[in-house]
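Okay, structure first, notes after.
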Amino acid sequence: MFTQVILAPTNPEVWLPRLRHVTPCFMQDIYVEIDRLPRPGETVSARTGQTLSGGKGANQAVCAGKLEYPSVYFVGRVGEDANGRLIAEALVGGGVMVEYLKGVGGGGVPTGHAVVMLQSGGQNSIIIVGGANMEGWAQVLDEGELEVVRNAGIVLLQREIPDYVNIQVAKAARSAGVPVILDAGGMDGLIPVDLLTNVDIFSPNETELERLTGMPTESFEQISQSVAKIHEMGVKEVLVKLGSKGSALFVEGEEPVRQPIIAAKKVIDTTGAGDTFTAAFAVALVEGKSKQECLEFAAAAASLCVQVKGAIPSMPERKAVLDLLGSRLI
């Protein structure tokens, strides 16, 4: 589903009338807790199972809302089913406005959903079913939705919706001078050049960076070489999420800015941590923080996220993020 998040700037005189921050996709997550992944042909028992709300775009939208940007909008597609209603409730509960959230399919197209296999230690494996995220879009987006994009403060895109939707959104944002962050998470396929050349910041994790470039990413030097290939594709800034090794922002022609993780007291579930990181980075960026401050703010938000089970339920409040950062200065 295409998510549109709209953030009201803290200083309108600086950011002019642009009140929006955009991101795509909602999923209803079916969680199963297991000791290990099953082998081919094997059946294993789950310790527990439950259904929670998630999806990369929705996670980022709710995270932005909880980080106290008061005008966060979500533009997207859900099925006209119970999961779609639960998703709308989760967004509203997270402080997100849903005027641009549309139900599609007359009940024939399900809301996107995912099976999250949560293993001991908090690591997860995920299988997604696109549903309305992939099937609910016209070939040409509604002009009203594109106008929302053109008036945004920042646009967040992910790859859990069709590339042609992301391309239209990215081009609309670029035409209005609105910065775009593309999260690499979602589809496994190659990213169209027409999309990459219309984003300002591309944000993969190590695995996604390796898959997209065909280059190893085991060391920081290898990661830097892989990022150079992304630069050659037309993206000037690459924000790499490095898991337990932290993160790094690569700006073409400059030294990378690195940020270690802020260790969590206990890792419960890593689901949504990358989305939390990206959304928090975007919030800090719109607020005018330095690159290092943006990375640190995002690292603190992600640290809090992994201490709670679920995606949307784990999105941290702004006060908790600031308290964590403040405690590190004492």
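Cβ atoms here come from the backbone N, Cα and C positions, even for glycine.
According to TrEMBL, the protein has these features:
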type     : residues                                                               : note
ACT_SITE : ASP275                                                                 : active site, proton acceptor
BINDING  : MET27, GLN28, ASP29, GLY55, LYS56, GLY57, ALA58, ASN59, GLU160, ASP275 : substrate binding site
BINDING  : ASN205, LYS241, LEU242, GLY243, SER244, LYS245, GLY246, GLY274, ASP275 : ATP binding site
BINDING  : ASP269, THR271, CYS305, VAL308, GLY310, SER314                         : K(+) binding site
DOMAIN   : 36-317                                                                 : domain 'Carbohydrate kinase PfkB'
| query | So how many other Cβ atoms are close to ASP29 (substrate binding site), meaning within 10 Å of its Cβ? | reply | 24
| query | Which residues of the same chain, at least 6 positions away in sequence, have a Cβ lying under 8 Å from the Cβ of ASP275 (active site, proton acceptor)? | reply | LYS56, ASN59, GLN60, CYS63, ASP183, GLY185, ALA311
| request: Determine which residues of the same chain, besides ASP269, THR271, CYS305, VAL308, GLY310, SER314, have their CB within 8 A of the center of the CB atoms at the recorded K(+) site, and list them by sequence. | output: ILE268, THR270, GLY272, ALA273, VAL306, GLN307, LYS309, ALA311, PRO313
| request: May I ask which residues of the same chain, at least 6 positions away in sequence, place their Cβ under 8 angstroms from the Cβ of ASN205 (ATP binding site)? | output: ALA184, GLY185, VAL240, LYS241, LEU242, GLY243, GLY274
| request: Count the Cβ atoms, other than its own, that fall within 10 Å of the Cβ of GLU160 (substrate binding site), considering every protein chain shown. | output: 27
| Mean of pLDDT values spanning the domain 'Carbohydrate kinase PfkB' (36-317) | 91
| Which of the binding-site residues SER244, THR271, VAL308 has its Cα closest in space to the Cα of ASP29 (substrate binding site)? | THR271
| request: Could you measure the widest C-alpha to C-alpha distance across ASN205, LYS241, LEU242, GLY243, SER244, LYS245, GLY246, GLY274, ASP275, the residues recorded as binding ATP, and give it to a whole number of angstrom? | output: 17
| request: Out of the binding-site residues ALA58, GLU160, SER244, GLY246, give me the one sitting nearest to GLY310 (K(+) binding site) by CA distance. | output: ALA58
| query | Could you tell me the C-alpha distance between SER244 (ATP binding site) and ALA58 (substrate binding site) in angstrom, no decimals? | reply | 24
| request: Might you list, by sequence position, any residue in that chain lying six or more from VAL308 (K(+) binding site) with a Cβ less than 8 Å away from its Cβ? | output: ILE268, ASP269, SER314
| query | Taking each of the binding-site residues ALA58, LEU242, CYS305 in turn and counting other Cβ atoms within 10 Å of its Cβ, which one has the fewest? | reply | LEU242
| query | Just going by other Cβ atoms within 10 Å, which of the binding-site residues GLY246, GLY310 has the emptiest spot? | reply | GLY246
| query | Under 8 Å Cβ-Cβ from THR271 (K(+) binding site), six or more apart in the same chain: what's there? | reply | ASP29, GLY54, VAL116, LEU118, ASN124, ILE126, GLY310, ALA311, SER314
| said: What whole-number Å value do you get for the CA-CA distance of GLY246 (ATP binding site) and GLU160 (substrate binding site)? | reply: 24
